[in-house]
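Below you'll find the structure, written out as C-alpha cells, and then a few comments.
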Amino acid sequence: NVTAVLEFRLLGFSGNPRCQILLFVVFLVIYILTILGNIIIISVVTLDPRLHSPMYKFLKNLSFLEVCYTTTIVPKMLVNLLAERKSISFSGCMAQLYYFISLGATECYLLVAMAYDRYLAVCEPLHYIMAMTAESYTCLAVGSWVTGVFTGFLPCLMVSRLHFCSYNLIDHFFCDISPLLKLSCSDTTVTETVIFILSLLVLSSCFLLILVSYLLIILSILKIPSASGKRMTFSTCSSHLIVVTIYYGTMISMYVRPTYHLSSEVSKAVSVLYTAVTPLLNPVIYSLRNKGFKEALEK
C-alpha cells in the first residue's frame, strides 16, 4: 500500500477565509518588519567603521541568518494562506526541512559564540583584544555556519527515506519534523530516537553554555561599584536572556522529546514563536540595547 508521494498538502491554520486573510496580514507585517529591521542592522554595521569589532560582526551575522531563516518558512506560508490549493512538492518539502534545521542549528551555535564574546568583554576586558582577534572571530563565525550546515544533513536524510502512503495532508503550516513523522507509514522509532538525541545534544548543550556565560557575566556585574552601571548592564543582559530563553525554550519543548505526538494546534502556536517572532525580536533587542549601535544608527 506504499505509493510515491509527489507532493504534500499543508492544512495551515484555519479553513475560515476571514481568518486566513487576517493571518496573512499579520504575518506579512511581521515578515516585512523582520526583513527591514535586519537589513538596517546589516547596513549600519557595514557602513560605520566604529562598528567593525567582533561584537557587531556577530550581530551582522545574526541579522543575515534571521533573514534567511524566516524566508525559509514565511513566504511559502503567506502564499498558502491565500491559495486554494495549499501544496508543496516532496522535494520542496525536504529542501524546506533541511534549510530550517540547518539555519536553526547555526543560530544556536552563533548565539553561543555571541555569549562567549560578551563573557570575554565583561569578565576578561584586559584580555579581550588578545582573545577575540580577527582570526578568533572568523573561526567562531565560520565554524557556526559550517557546523549548522552539516547538522541538518542527518535528520533530513532520515526523514526523506521514510515511506509516505497515499494520505499526504500535513497538519502544519510548513514541513516540520513532527507532522512528517506522524504522516509516515514507516516505522519511525529509529528516526525519532536519532533526532531526539541530536536535538538534545545541540539545543541543551548550547543553551547550557549560554546560561553559564551569562551567569559569569552577572557575577562580574555584581562587582561593579556604580549602581547605574549595574542597572545598565543588567538591563542589557536580561533582554538578551529573555530572547534567548524564548528561542531555546520553544525549540527544546518541540524537539527534545522522546516522541513527537504533540497536539497540532500547540505545535503550530509554538512554531510561530521561533519561525516568525524571534527573527524579529532577536537582532532588534541585541542592537537597540547597545549604545554604540544606537549612536551609529542616528548618524
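Glycine too: its Cβ is placed from the backbone N, Cα and C atoms.
Unlike curated entries, TrEMBL annotations are predicted automatically.
Feature annotation from TrEMBL assigns transmembrane segment to 20-46 (among others).
On the 0 to 100 pLDDT scale, the domain 'G-protein coupled receptors family 1 profile' (37-286) averages 86 in this prediction. Feature annotation from TrEMBL assigns domain 'G-protein coupled receptors family 1 profile' to 37-286.
The transmembrane segment feature in TrEMBL is assigned to 58-77 (among others). If you look at the transmembrane segment (58-77), the same-chain residues 6 or more away from its ends with a CB under 8 A from one of its CBs are 12, 27, 30-31, 34-35, 37-39, 41-42, 45-46, 88, 96, 99-100, 103-104, 106-107, 110-111, 113-114, 117, 137, 140-141, 144, 173-174, 275-276, 278-280, 282-283, 286-287, 293.
Residues or ranges marked as transmembrane segment in TrEMBL: 97-116 (among others).
Per TrEMBL, the feature transmembrane segment maps to 137-160 (among others).
What TrEMBL lists as transmembrane segment is 194-222 (among others). Long-range neighbours of the transmembrane segment (194-222) within the same chain, counting only residues 6 or more positions beyond its ends whose Cβ lies under 8 Å from a Cβ of the stretch, are 105, 108-109, 111-112, 115-116, 118-119, 122-123, 151, 154-155, 158, 177, 230, 233-234, 237, 240-241, 244, 248, 251-252, 255-258.
For 234-256 (among others), the entry in TrEMBL reads transmembrane segment.
Feature annotation from TrEMBL assigns transmembrane segment to 268-288 (among others).
Residues 13, 27, 30-31, 33-34, 37-38, 41, 59, 62-63, 66-67, 69-70, 73-74, 100, 104, 114, 172-174, 176, 239-240, 242-243, 246-247, 250-251, 253-254, 294, 297 of the same chain lie 6 or more positions beyond the ends of the transmembrane segment (268-288) yet place their CB under 8 Å from a CB of it.
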